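Here is what TrEMBL says about this protein:
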TRANSMEM  12-36  transmembrane segment
TRANSMEM  56-73  transmembrane segment
TRANSMEM  85-109  transmembrane segment
DOMAIN    111-391  domain 'NADH:quinone oxidoreductase/Mrp antiporter transmembrane'
TRANSMEM  115-135  transmembrane segment
TRANSMEM  147-168  transmembrane segment
TRANSMEM  188-211  transmembrane segment
TRANSMEM  223-245  transmembrane segment
TRANSMEM  251-273  transmembrane segment
TRANSMEM  280-299  transmembrane segment
TRANSMEM  346-364  transmembrane segment
TRANSMEM  384-409  transmembrane segment
TRANSMEM  429-451  transmembrane segment
Amino acid sequence: MSCVLMLSVSCILWGLGMNEVGWLIMVCAVALLVVMMDCPFNFYILKSEWLGVDEMSVLMVLLCLLVSMMSLVSSTKEVKNGFVVLMSGWSVVEMVMFICLGSVLFFSVCSWMDFFFFFEFSLVPTFFLILKWGYQPERLQAAVFMLLYTVGSSLPLLMSLVYFWSYIKSDNMLLSKMVGGWKDFNMNWPWLIMSLSFLVKLPVYGAHAWLPKAHVEAPLSGSMLLAGVLLKFGGYGLIRLMWFSEVTNSTIILFVLVFSLWGGVLSSGVCSCQSDLKSLIAYSSIGHMALGLSVLLSFYSVGKMACVCVLYSHGICSPILFSLAANSYEFCQSRSIMLSKGISRIFPVISGVWFFFCILNMGFPPSLNFFSEVYSVGGLLSLQWLLGLMGGLMCLMTGAYCLILYSLVNHGVVSSMVFKPGLNLSYRYLVSSVFGGVLLLGGTLCLDMFFV
């Protein structure tokens, strides 16, 4: 399996014409994944002094590599005819590889100080990716907005981690859990302060203002990585924090659960009113992450499994939707849903891909999205029937805005003011879409890999 993985990645990199820096970073990431896969993962394992893995770590690293490959394949403006377009000495491919490497290390380290370092490290290449390759002058405001939200919310986490490091005398997650150093504290309010950074990164409704701005101004590769990998930092960080700090259910956590679930309902309603394609997909990400967060905070084992499955299925489906939105932008030069009409008349194959991923996004069986939503609503129903009702309402509204998105973009009359005759779209969009669809449908054949 490792040989097949290395061979497939090498073929993709050769087709993209990647330079030496990109080769080195990606080979290091794949080699790290191969090392991680070389052991059983039914429990947390220390592979070295700084590397610790389990099933969830391997799944997130695999997701990171897959989304990075799909983002490079779909980036037709930055990668053309196998040659990298260089800008100011750096290329988009190298920035994507730096984000990929930082993400792989974030999902792999066992020290919480290294955990925090790589959590913040990913912001640097993302900031430059938006700043240098964004499409509009407002990209500076969007990049600064993202930094202010994420870095500002990370300061309480840093202070808390340093304090607990000085008290427990170790920053190893597994060691601190085994010696029971966290049992000396009432972790209710400290958990809320430490999890604030992850809640903003996820993000929850109310701390989400940076996400639509960043998505709208980012290039295609940046939007795909932001939706597919960087948002998963919040979910993965919360799972790890709850695991090694041994926090228990309390009134504060139930308040966060209800707040995130109600925010998911509101963001799903906002999606139905959006006129910008990328903003609509960004708000749909907020709704899906709210569903995963709420079922995680139920403290049921099925809730944690459903949350991991939500993270993975959304990490594959949402980047493809951004790729399709960039596809629509290429032929109409506008992200407005009112102008991006009539795709089914011009590109019926692309219209079919739009339909396929819209129904996958709403949880069409037998995809991973369907099973993740079913288990999420079931976990909320086990906790309280009213919470399950809110989760079901969110899924219903997801289906509504997905149908609205598909009908408005694919049907109607093509405007002669925006459409350019003779335009040929790149086959790269179809390649990444087919690849993502196979992953989401084929994942149902091995559900035990995703419900961990």
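Glycine is no exception: its Cβ is also placed from the backbone N, Cα and C atoms.
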Ranking 147-168, 223-245, 251-273, 384-409 by the number of C-beta pairs under 8 Å to the transmembrane segment (280-299), which range is first? 251-273
Which residues of the same chain, at least 6 past either end of the transmembrane segment (188-211), have a Cβ under 8 Å from a Cβ in it? 119, 142, 145-146, 148-150, 153-154, 156-157, 160-161, 226, 230-231, 233-235, 237-238, 241-242, 245, 247, 250-253, 256, 259-260, 262-264, 266-267, 282, 285-286, 289-290, 293
Return yes if the transmembrane segment (251-273) and the transmembrane segment (384-409) have at least 3 CB pairs under 8 Å (sequence gap of 6 or more), otherwise no. yes
